[in-house]
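Inspection log for the structure reproduced underneath, given as structure tokens.
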Amino acid sequence: MSPPLDNPRLLRAQYIALARQLPLMYFILVVNTWALVTTHLDNAPRWLTLYVPLAMTLICSVRGGMWWRMRHHPPAPELIARALVRTNLLAPPIATAFTLWSLALFPYGDIYAQSHVAFYMAITVIGVIFSMMHLRPAAQSTALIVNLVFVVFFSTKGNTAFTATALNVLLVSITMLVILNNHYRAFTRLVDAQAKAEQLSDENLKLANEDSLTGLPNRRQFFTTLDREMANAEARGTRLAVGIIDLDGFKPVNDQFGHSVGDRLLAQVGQRLNSLLEEDMHLARLGGDEFALILANDANDDALVAFGQRVCDALATPFLLTDLPVQIGGSLGMATFPDMATNAIEAFEYADYALYHSKRTNRGALSMFTACHHQQLLHEGVTEQALRRADIEQEFHLVFQPVIDLRTQRTVSFEALARWHNPKLGDVSPYHFIPVAERIGLINRLTPPLLRKALATANRWPEDIRLSFNLSAHDCASDEVAGQIVEVIVQSGFDPGRLDLEITETATMQDIVQVQRTIDGFRQLGCGISLDDFGTGYSSLSQLHSLAFTKIKIDRSFVTGLHEKPASYKIVKSLVALSMDMQLDCIVEGVETRSELDALASLGCSLVQGYFYSKPMSPASAEAWLAQENTTDRRQCSLPTAKP
Ligand code: C2E
Ligand code: CA
Ligand code: CA
């Protein structure tokens, strides 16, 4: 009599099916019962034709009504189990009651009315079995009771027609029970298959939304959550912040210790970040070493900054992966809704922009997207459009700034610096357009033609004058681009031994293995490699040593006023000593005054570049500069002589 209590899903399916069928079954019972009453109304006693049928109708209506009400709202699993057990238990007494009642009418009817009793029992039991086919014990007990009584009663009446009917009903009932059994098994299988399909689709859904390495939500889930939280924040009128985290120094760890250590590091980063989360905060891994946050906790700027600080501190704490602690860091960009961004896409873009600023100027810390960033973004948007449409050959040209050897006071090389004149925007500084070109991936189209122009100019110089050319991080990021650069150099006919390629420290930090390969390629060709803006990045000595640099260029920021600033003076002093130790040439950039120059000379610097000698100048001015150098002794000069 027990339903499959260990299978709540099957119980529920049974309940739903029964809730639709049992009201119909009670309806059949009541209608058939009153039909039988009408054929016995004149002869049978009142209790059989009125009171008992009324009582049975009442019971049927109550039970049928109950099922009817529940057809759309199945109750909790325990209540379902109880209802099914109750139905199983009620089936035999109800079946017995109806059977005995109909047989009690038998003696009061003529042969037609008696046939009606037989017909009533046979047809009703078939209807009942069908209606209860999803509840096997109830269907079986009903079939058993009714058929047993029916066969015994009618086959002993000595009437051939009744005996034949009894046998027919027995046969049909057995067949029906077999069919019912098969049907029930098919029903169980169907429910199980549905359960498996649902489980599978749940798993697929989880896989599609989860990052398998960290177990965190992935990019897709992040944007789904962001949309939802954004709608909530909008409806509630609360503040929401989107944060994007990019690890600093992850690539070197991956390269040095291998991918499995890199994977473990990412998993630990995920755990560490996850442990910082408070209510209404979400964390996801977007891919690579990039993670993202949604802070839907209506926090003010102070709270956001404090949280950002906790994130950066957590990432700057060493990780234990190998025998040695591994040190990385993380930069974080954050944008808020509704004060800065107006929708989810903007919030993400702005956070990404803030992160980009963090990476460039504020590594290892949080940058909030500000109104000032918004202005810059609009400005960059204009630059971006103009850059995409620019005629590179026409609009771009180069100027050249001399590098002077203090010992001889003569020019040893020129650094080529790009200039852009756009018909609409006018002159745009490389400080502005180079980062935009890098961000939109246009720098690789810019470098080869500029290098071609620089080499063509340098081909007209005396053979002892070198050329320096600036490469972007993106120029070193793939073999294909590096190959294009090599091709330009080879085709120019310029001696690669007279060419220095300048690469900034930040460029070398992107993907050290690839950068090393690219640099080795240039070195094999005979080019020199200068480390530009030295002192502003984070490169470790070992990293610098592994890259085959031939020169370093000390950044302008240490040179300005160094004769009055002990800190700058000391830094330049140690950088110069370092370059000597590593047997590298050292160029000091941005020398503007004689006092700076004198201070540098006292430190033993020999190669300098800066406005003190000359601003960057046109190719023609550069040629004139060289010609003039042969006729004048620069030791006499104390002021810059060339015009840009
Ligand atoms: P950089 O490579 O550090 O170039 C030196 C910058 O300092 C140049 O700015 C130069 O004009 C400026 N400068 C030189 N001497 C002085 C001085 O005494 N005082 C001051 N205040 N500034 C001085 P510029 O030409 O505006 O270039 C800016 C940056 O844009 C460059 O910095 C370089 O990183 C990038 N850049 C320029 N041309 C190219 C290029 O062709 N390709 C790439 N990838 N980057 C370039
Ligand atoms: Ca440079
Ligand atoms: Ca520089």
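Each residue's number is its place along the chain shown, starting with 1.
Even glycines carry a Cβ here, placed using N, Cα and C.
If you look up TrEMBL, you'll see 21-41 (among others) marked as transmembrane segment.
Annotated transmembrane segment per TrEMBL: 47-68 (among others), in sequence order.
Residues or ranges marked as transmembrane segment in TrEMBL: 89-106 (among others). Among residues of the same chain six or more beyond the transmembrane segment (89-106), those with a C-beta under 8 A of the stretch's C-beta atoms are 1, 29, 33, 36, 40, 44, 48-49, 52-53, 56, 59, 63, 113-114, 117, 120-121, 124, 128, 132, 137-139, 141-142, 145-146, 149-150, 153.
The annotation transmembrane segment is assigned in TrEMBL to 112-131 (among others).
Here TrEMBL flags 138-155 (among others) as transmembrane segment.
As annotated by TrEMBL, transmembrane segment applies to 161-180 (among others).
Residue counts for the domain 'GGDEF' (238-371) under DSSP, helix first, then strand, then coil, are 61 helix, 38 strand, 35 coil. Per TrEMBL, domain 'GGDEF' is recorded for 238-371.
Marked as domain 'EAL' by TrEMBL: 380-630.
When the stretches 21-41, 47-68, 138-155, 161-180 are ranked by Cβ pairs under 8 Å to the transmembrane segment (112-131), first place goes to 21-41. Through the fold, the transmembrane segment (138-155) approaches residues 1, 87-88, 91-92, 94-96, 98-100, 103, 106, 118, 121-122, 124-125, 128-129, 132, 162-163, 165-167, 169-170, 173, 176-177, 180 of its own chain, all at least 6 residues removed from its boundaries and within a Cβ separation under 8 Å. Note on the transmembrane segment (47-68): residues 18-19, 22-23, 25-27, 29-30, 33-34, 37, 40-41, 90, 94, 97-98, 101, 104-105, 108 of its chain, located 6 or more positions outside it, place their CB under 8 angstroms from a CB of the stretch.
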